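First the structure, in the form of structure tokens, and then the observations on it.
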2 protein chains.
Amino acid sequence: MSSHSSTARFAEARRVAIFGGTHGNEMSGVTLVNLWMKNSTEIRRKGVEVKPFITNPKAVEKCTRYVDTDLNRAFTPENLSTMGEHDLPYEVHRAQEINKIFGPKGSPEAYDVIFDLHNTTSNMGCTLILESSKDHFNLQMMNHIQKAIAPASCLVLLNEHPLLKYSTSRSVAKHPVGLEVGPQPQGVLRSNIFEAMRVILKHALDFIELFNEGMEFPPCTVEVFRVSERVDYPRDANGNIIAMVHPNLQDCDWEPLNPGDPMFQTFDGKTIHYQGSGTVYPTFINEAAYYEKQQAFVTTRRETLVASALRKA
Amino acid sequence: MSSHSSTARFAEARRVAIFGGTHGNEMSGVTLVNLWMKNSTEIRRKGVEVKPFITNPKAVEKCTRYVDTDLNRAFTPENLSTMGEHDLPYEVHRAQEINKIFGPKGSPEAYDVIFDLHNTTSNMGCTLILESSKDHFNLQMMNHIQKAIAPASCLVLLNEHPLLKYSTSRSVAKHPVGLEVGPQPQGVLRSNIFEAMRVILKHALDFIELFNEGMEFPPCTVEVFRVSERVDYPRDANGNIIAMVHPNLQDCDWEPLNPGDPMFQTFDGKTIHYQGSGTVYPTFINEAAYYEKQQAFVTTRRETLVASALRKA
Ligand SMILES: [Zn+2]
Ligand SMILES: [Zn+2]
């Protein structure tokens, strides 16, 4: 079979989870999942079990990102196989529980799809996060969502960077889907962000229902923004930040940053320019949670991926 | 002497403090005060001691609003007179220390002016907070700032509500001045908010220098927004929030809200309308820190205050 006519075939997606509260102060996902746990009418689809689930209830209760350590970095092979329940950080213990319920990660028993709902303080709009450029099921789903919500837009961030990729909560599933919607401050619920997230989930679940019903999805292309580099704030010798995101860059997620463009502004008013070798597309610009991760933004590069035709096996 | 020709006279303002980090995750004030502690050139004025001071260093270190309790509610007579250092919440202990250094509150030894620097997630722009409509020194200062920064604007919020007024860190001074600048998410430093705060402080200190030098300030009027009522989110019988700030109200701080205008949107799409008896001006709309205080916004009413002429005694 020649590659242009090959069709990707997957078993029906019978088990789907929607995670909220992986970061306890990201209120859209926390609120939607809590609503759907009380009344699941909206997320019910024929022949699919859709399970809404609060992943970090202690952090949600305290309205903080996490209690001991970032849950969305905790699903490493080491953490998931560690013994000694009593001494573990809360989130490592919780990662093990989640892996038992929705995994085990990498096994045939794992959930088919996990949607993990996040908010960002960055001006990213709606962003789907893809963990593998070879996941044709997710590429087709993301293409479907993009078409369904047009003229509204929803970009795709691809993170399969060897060093910057991290071990997410959703990585337990066969098809992990991250959803970031912003800008929204931590601890705040904004109606526009809430509704945007809700609509994307609707179309994502519709896609799964259509797929399970046997619809064939023709090959398509998906424009993605591939994570390239992490850029830290300028710092002094003691590690203290000495500059802010430049006003020309602030809120300009996904817009081209060219060599020589203003990038930071020091507290004494000097401009620091981008010195890279070509055009990049910054995102997660000035995200609150990434100060502690030494990241002012990540650069991405645009790329077009081809998704094979898709139908159920 | 007839009232229209009376002149308010105060001693020179020799001791001035600038507080940052009263809320540890409000980054403009934290950053400015830390900068000025290293290099005070920018805040030096002839004949004035200007002391930059981090009020809640533990909260700043953790980048949280507070550790045990809200420092900006802790300066009550009870707290300031309580003994038993060991059992006290951190912020109550800290309030006592601050009161020793900059007060005692209400005494002739207290600092003349304290500026307390805050950020809000609400779209409030620059807001000066006045604690007494009879503080002619502060009214003249605020008028001076408004004129100096025009055409940029800086509104005045007057909080002398018998129930909604609270015991602020700055209340230790003879002339307490709150400064709120937003919108800015907690834990984030935005260059536009940082620079706006910096400019207001510059003009405030200039005013004090001019006053000390003997300048006479003629009578003037100042438009203020007087705190009227606290409005909570709609809740179910268990106390859970069931609605969000309506998109027509979100980000519309200081704009008129009339009876019948949309105020909240429930999660199932219903609109809740404002039912008050007249036009109000909401502010602190959807402030992150006020979810725990059961406050979606406060209403204010516009009022024009007359400030007496002012000169030093
Ligand atoms: Zn998150
Ligand atoms: Zn504050």
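Cβ atoms are placed via backbone N, Cα and C, with glycine included.
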Note = Out of A:His93, A:His118, A:His136, TrEMBL lists as part of the Zn(2+) site with A:His23, A:Glu26 the residue A:His118
Query = Can you tell which of A:Ser167, A:Thr168, A:Ser169 has the most other C-beta atoms within 10 Å, given these are the binding-site residues?
reply = A:Ser169
Message = So if I take the binding-site residues (A:His23, A:Glu26, A:His118, A:Tyr290) and measure from each Cβ to the nearest atom of ligand 1, which come out below 6 Å?
response = A:His23, A:Glu26, A:His118
Ask   = Secondary structure at A:His118 (Zn(2+) binding site) (DSSP, helix/strand/coil)?
value = strand
Binding-site residues compared (A:Glu26, A:Glu180) - the one with the fewest other Cβ atoms within 10 Å = A:Glu180
Inquiry  = Please give me the binding-site residues out of A:His23, A:Asn72, A:His118 that lie within 10 Å of A:Glu180 (N-acetyl-L-aspartate binding site), comparing Cα atoms only.
reply    = A:His118
Distance, A:Arg170 (substrate binding site) to A:Glu26 (Zn(2+) binding site) (CA atoms, angstrom) = 16
Request  = Provide, as an integer number of angstrom, the distance between the C-alpha atoms of A:Arg73 (substrate binding site) and A:His23 (Zn(2+) binding site).
outcome  = 11
